[in-house]
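Trainee: Pulled these from TrEMBL:
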- 66-91: transmembrane segment (TRANSMEM)
- 112-134: transmembrane segment (TRANSMEM)
- 183-202: transmembrane segment (TRANSMEM)
- 214-238: transmembrane segment (TRANSMEM)
- 250-270: transmembrane segment (TRANSMEM)
- 296-318: transmembrane segment (TRANSMEM)
- 339-358: transmembrane segment (TRANSMEM)
- 406-427: transmembrane segment (TRANSMEM)
- 434-456: transmembrane segment (TRANSMEM)
- 843-864: region 'Disordered' (REGION)
Amino acid sequence: MYGRYTQDLGTFAKDEAARLRLQEGDTSRPRRPSELLEYTQGRCGPCRVCALKCQQFLISKVGEDWVFLILLGLVMALVSWAMDFAIATCLQAQKWMYGGLDTNVLLQYMAWVTYPTVLITFSAGFTQILAPQAMGSGIPEMKTILRGVVLKEYLTFKTFVAKVIGLTCALGSGMPLGKEGPFVHIASMCAALLSHFLSLFGGFYENEARNIEMLAAACAVGVGCCFAAPIGGVLFSIEVTSTFFAVRNYWRGFFAATFSAFIFRVLAVWNKDEETITALFKTRFRLDFPFDLQELPAFAVIGIASGFGGALFVYLNRKIVQFMRRQKTINRFLMKKRLLFPALVTLIISTLTFPPGFGQFMAGQLTQKDTLVTLFDNQTWAKQGLSDEFEYLGILEAWRHPRSNVFVTLVVFILMKFWMSALATTIPVPCGAFMPVFVIGAAFGRLVGESMAAWFPDGIHADSNIYRIVPGGYAVVGAAALSGAVTHTVSTAVIVFELTGQISHILPVMIAVILANAVAQSLQPSLYDSIIRIKKLPYLPELGWGHHEKYNVRVEDIMVRDIHYVSLNCKYRDLQQVLHSTKIKNLPLVESAESMILLGSIERSQVGALLSNQLSPHRRLLTLRQKVLSEDGHRLSDSSIRFQINTETSSGSPARPALRKPLKPALKRVPSSPADSPQAGTADHTGIALKSLFCANTSTEPTEAEAAAYPKAKRVRISIVEEMILGDKMTPAEILEWEEQQLDQLVDFSSAKIDPAPFQLVEHTSLHKTHTIFSLLGLDHAFVTSIGRLVGMVSLKELRKAIEGSLTGKGVKVRPPLASFRDSTASTTEADTTALRQLWDRHQHHHMPREAGPGGNDDDDTPK
C-alpha cells in the first residue's frame, strides 16, 4: 500500500512540474539565473559568466571533506617539520656550547644547566601568560571534548600559539619530554580553526556533529605527522580518544594522516636530511631468521615486566602531582612562585645528566632521537661474556664506560630516566609522556636482549645453523610494550613497525604488548585517564575487565531519588525555591506532584527567565500605571492591557539567548497520561496546557475590542516610558508586597522552550548498559521513570561513583544486601501492573490533545 502511494505521488509531482513548465512557455532555452544577468551585457559577457561559474564551483568544492583534510594534513606537516627543525637547532646549540667550553668543566656545567633551565622557564612563563590551557599533554582534554563536553579556550588560536612555542622550547631543552600528546592537541586546534575559516564558504562547518568528526580525524593527523606513522596514528587516536568510534570517520583519519605523513617526510628529503622517504628509525634486522621460537618466553617476560612498569609509572606520576597539591605550604609557595618549580626540576635533571658527572653512567649527552638510534642498533654490544666488547663507533661511544660494562649503564639509565620522566611530565609546560616511556621501554628491551646475548654467546642452535641473538629486536619489543602499558593501547605495535620500517618481529611485539596491557589494566588506569581524574574533568571512566558485579548493579541502586522538579501547575514561588535549592542545568517537568508523570525537561536558564520576567520592573510599572489611571477614572479594559503586552512590549516571553544548545532528539516517547482521573475541568486545563507546550506557537489575531483599544495602549506605553524616566514611585514595602502577589500566581509555560523527550532510563537498567548508553550518546544525565512516572535521576557523578566503587574493591556497596535475590525474570511487579491498568483506564476515559497521525491512528500514544 505504501509503495503504490509513494509511486503515485511521485508521478503526480512529475506531471505537475511538467504542466508548470508548459505554462511558463519556451522551455527549450534554460533561463539564466538572475545573478548572472548583469554579467551578460557587453562584448566580454560570456567570459565574465564563465569566470563567475568557475568561482562558484571552486567555492562549493572548498567545502568538501577531502579539501578540508588535505589542508589539515598540509598545515600539520609544515608545523611538525618546522618544530622539528627548531628543536634540532636548539639541541645543536646546547651541544655547541658544551663542546666549545671543553677546557673548563665548571663553565661546561654552567652552560649545560643554564641553557635548559632558561628554555623551560621561558616555556612555562609564556604558556602561563598567554594560554594556561596549553599546558600538559592535551589528549585528556581532547578525550573529554570528543565526548561532547565544551572546554573553554582549549581550541583557540591563542592556545595554538602558546602550545607550539611552549612545546618547541620544552623539547629543545633536552628534558625527557614527549611531543605526541601535544601534537594531538595542536592538530585538533588546527581543525577547529580551519572549520571556523571554511565556515565562510559553507555554513555546514558550523554544525557541531561535523566539527566532532573533523576533530576525530585531527587526532589521527597529530600522531601521523609526529612519527610519520599514519596507520598506527589512526589506531592510536581511536584507542586513546574514543570509547565508541564512528566507522564513517575511518577514511577521514587515514586520508589526512597519510597525506600529512607523506608531506612530513617529503620535507625532510627536500631539506637534505634524508635521501628518500624512509622510516624515522630505520632498522636492519635479518629477515630470513629474525628470532627463534625459544626466545618467545623472553619476549613474554618483557611484556609482563613492562605491564608492571607501566602501572608503576602512572602511579608515580599521579602521586607526585597529589603530593604537590596536598602539601598546603608547598602548594601556596609554588602558586606565588610559578616559575620556581619548573626551574628547580630542570636544574636537578640537568645536573644528574651532566656528561662528565653522573651522566657518564647513563649516556647523558645523547638526545632522545640518538638514544633510540643506538638502542635499535642490530649489533650486539656484549659478546663472549662481559669483558669482550666490540668496538664502539660514533654515538655508540656514549654507552661505553671504562670502569663499568654496558649492563650497569643500561640499568642506571632505566632507573634514572624512569623517575626523571615521571617528574618532568608534571612540569607546567606543553609536553607529553609517550616518547620518554618509549625510550625507557627500548632500554629495558635492550637490557634483556644483551643479557640473552651474554647467556647464549653463539646464539641458539636450530637445524645445525647458528643464528646470533639480535638485541635490537628486544629493544623494539620493549618500547612497544612499555608505551602500550602506560597508554593502555595495542596500536603501539603498529607504530613501532612504521617507525622502524620492519615487521620481522610482529609476533613477539604483539605478544608483549597484549601481556603488558593485561597486567597494566588490572592495576592502574591509563596515564590519560589518570590525568583526567587529577584534573577532575567531566569524563566517564572505563569499565574494567574481569569484574562481574557491574552486570548485577542496576540504575535503582545508584540513582538520586530526592530530585527537584517543576510541575505543570506550580507557582512562581516554587520556581524560586527550585532555583535556590539545586544547581542542575535541566529540570524535569512533571504533570503534578501527585501523578509525577514526566512531560519533559526545561533548562535552568529558561526557568530563571520566566521568574525574572514575572518580577521585572516593567511589569511593576505597568501595575503602577494601571493603578494611577484607575484612580483618575481612566480604567483600561483587560483586553486592551492584554493586547498591549502581547503586541507592543513582548515582555511576556522570557529573555532568550541568541545562541543556545540544541535540544536533545526525541529518543523515547514519554507517556503523558496521569495516574488518577481528575475532574473534567482539570482534564481540559491540562490538555490545553500540554497543547500550548508541545505544539507550534501560532500568532493570535487581536480581537476587535483589542484593536479598538490600541490607541489607548499606545498612550499607556508612552506614559510608562515617562514613569521609567521619573522613577519607580512605589515604596520598598509596596514592591515587596507586589512581588509576593506575583510569586503566588500560576506559571505560564507557553513561552518557554521545553524538551518534550528527555532521555530516560528504567529502574532495572544495568550499570553496564547505562555506561554504554552514556558513552555512546555523550549524555551527562538521564531521568529514571517507572511507567511514565519520574522516580529518580542518574548523572555522571553517580555513575562514576558506582563504577569506581565496583572496581576498587574498597567496600563501597552500591547494591542493597538482598539485591542478589531479585527475580530477574519478572518484568514488572504486581504494584506496577496495577498502576499500568489505572493509566490504561484513564487513557480510555479521556485523551490528551495531540496532532492526528497520517491515517488517523493514535496507537503510538498508547502507554506501554
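For all residues, glycine too, the Cβ spot is worked out from N, Cα and C.
Source: prediction; values computed, not measured.
Give me the lay of the land around each of these features.
Mentor: Residues of the same chain lying 6 or more positions beyond the ends of the transmembrane segment (183-202) and with a Cβ under 8 Å from any Cβ of it are 59-60, 62-63, 68, 71-72, 75-76, 79-80, 134, 137-139, 141-142, 145, 154-157, 159-160, 163-164, 167, 210-211, 214-215, 217-219, 221-223, 225-226, 237, 241, 432.
Counting residues 6+ beyond its ends, the transmembrane segment (250-270) has Cβ neighbours under 8 Å at 65-66, 69-70, 72-74, 76-78, 80-81, 213-214, 216-221, 223-225, 228-231, 233-234, 237-238, 276-278 in the same chain.
Tertiary neighbourhood of the transmembrane segment (296-318): same-chain residues 418-419, 421-422, 425-426, 433, 437, 440-441, 444-445, 448, 452, 474, 477-478, 481-482, 484-486, 507-508, 511-520, 523-527, 530, 533-534, selected by CB-CB distance under 8 Å and a gap of 6+ residues from either end.
Within its own chain, the transmembrane segment (434-456) is flanked in space by residues 176-181, 295, 298, 301-302, 305-306, 309-310, 313, 368, 371-372, 375-376, 380-383, 385-386, 406-407, 410-411, 413-414, 417-418, 421, 424-425, 468-483, 486-487, which lie at least six positions past its ends and keep a Cβ under 8 Å from the stretch.
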Trainee: Please work out which recorded stretch in 66-91, 214-238, 339-358, 406-427 has the most C-beta pairs separated by under 8 angstroms from the transmembrane segment (112-134)?
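Mentor: Per the Cβ under 8 Å count, 339-358.
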Trainee: Can you tell me which parts of the same chain pack against the transmembrane segment (406-427), counting only residues 6+ beyond its ends and a CB-CB cutoff under 8 A?
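Mentor: For the transmembrane segment (406-427), the sequence-distant neighbours (Cβ-Cβ under 8 Å, at least 6 residues beyond its ends) are 120, 124, 170, 175-177, 309, 313, 316-317, 320-321, 324, 341-342, 345-346, 349, 352, 361-363, 381-382, 386, 389, 399-400, 433, 436-437, 439-440, 443-444, 446-447, 450-451.
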